[in-house]
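Chemist: I grabbed these lines from Swiss-Prot:
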type	residues	note
DOMAIN	34-289	domain 'CoA carboxyltransferase N-terminal'
ZN_FING	38-60	zinc finger
BINDING	Cys38, Cys41, Cys57, Cys60	Zn(2+) binding site
Amino acid sequence: MLKNLFRKTKYITVSQKNIESYKRENTPTIPDGMWVKCNKCGDILYQNDLEKNYMVCNLCGNHFRIGVKERIKYLFDKDTFKEWDYKIKTENPLDFKGYDEKIEHIKEKTNLSEAVTTGKGKIAGMEAVVCIMDSKFMMGSMGCVVGEKITRAIERAIKLRLPVIIFTASGGARMQEGILSLMQMAKVSSALAKLDEEGLLYVCVLTDPTTGGVTASFAMLGDIILAEPDGLIGFAGKRVIEQTINEKLPEDFQKSEFLLEHGFIDKIVPRSDLRKVLAKLINMHQNSF
C-alpha cells in the first residue's frame, strides 16, 4: 500500500502536432465564399442572400461589381443567350514583353476569353444584341479583340434589325496594344453611326468603373444612357484633373449621380430594375426594328 503511495505518477505526453490536429478537428469552420463584407458599409453579408438580391447590399444599397455570368443570369430569359465570336484570339501586335503570358494567366483565372462577351438573347421575350464588358479581365481594358467583337456584334444587329445594349466596365484603352487599342474607339463609334443611320436603338448601361477611352467613345454615344447607382464614370482620374486645374473637385465627382445631375446620362437604374427598364425601352422602339 505504502509502496503504491509513493510511486511515480505516469503522464501522457501530447505532442504539439497532436494539439494542432485536435484544434483543427474541433474548431468550427466556415466554407470559403459563404460570407462577404460590403466594401461600403462594412456589413457582413450571406453570399446566397447577396446573389438573390442581384449582388446588392440590402443595408446600404451598394452595388457589387459583377461579371458576365451574373449579367446574363439577371438580364436574359433563361437559356436564350447565345455567345458570338468567342474564338477570336488576342494577339501581341507590339511584342509587348510578358503580354502573352499575362493574357493566358488571366484566361485561366477568370475563365473568360476576353474583356467583352457578345451575343444575342431574349429579354421578356424580345430579342436584343448585347455586349457585356467584364472588369475582371485586365480591368475591362479595350484592345483589338474587344473592339472587333463589339463592332461585329453591331454589324450583326444591323443585319438582324435588332437593338444593341452595351454594358460598359473598363479602365480604358489597353496600353499593351498602343495605338491599335486607341483605334478601337473610332472603329466602334463608326459602327454605331451606321446603326444610328439604320434607325436602330442603342442603349448603353454604364457600370462601375467606366473610364478612359471607353468613356470617350461608345459609352457616351447611346440613344439612351443608363447607369447603375454610385458607379465611377469618367475619363481621366480625379487626382489627375485636380493637379491639372489646381482646384479641389466635389466628393461625388465622376459618380453616376453627379453625371445625372449635370445631364450626362438619362437615368440611374438599380440593378434589380434593369431587366424591366430595358424590356420597356425595347418594347417602345419595336416599330423601328
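Even glycines carry a Cβ here, placed using N, Cα and C.
Note that the coordinates shown come from a computational prediction; the quantities given were computed from them, not determined experimentally.
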Chemist: Select one residue from Cys38, Cys41: among these binding-site residues, choose the one with the most other Cβ atoms within 10 Å of its Cβ.
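Modeler: Top count of Cβ atoms within 10 Å goes to Cys38.
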Chemist: I want the residues beyond Cys38, Cys41, Cys57, Cys60 whose C-beta is within 8 angstroms of the mean position of the Zn(2+) site's C-beta atoms, in chain order.
Modeler: Asn39, Lys40, Gly42, Asp43, Leu45, Leu59, Gly61, Asn62
Chemist: Pick out which of the binding-site residues Cys57, Cys60 has the most other Cβ atoms within 10 Å of its own Cβ.
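Modeler: Per the Cβ count, the most surrounded site is Cys57.
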Chemist: Tally of helix, strand and coil residues over the zinc finger (38-60) according to DSSP?
Modeler: 6 helix, 4 strand, 13 coil
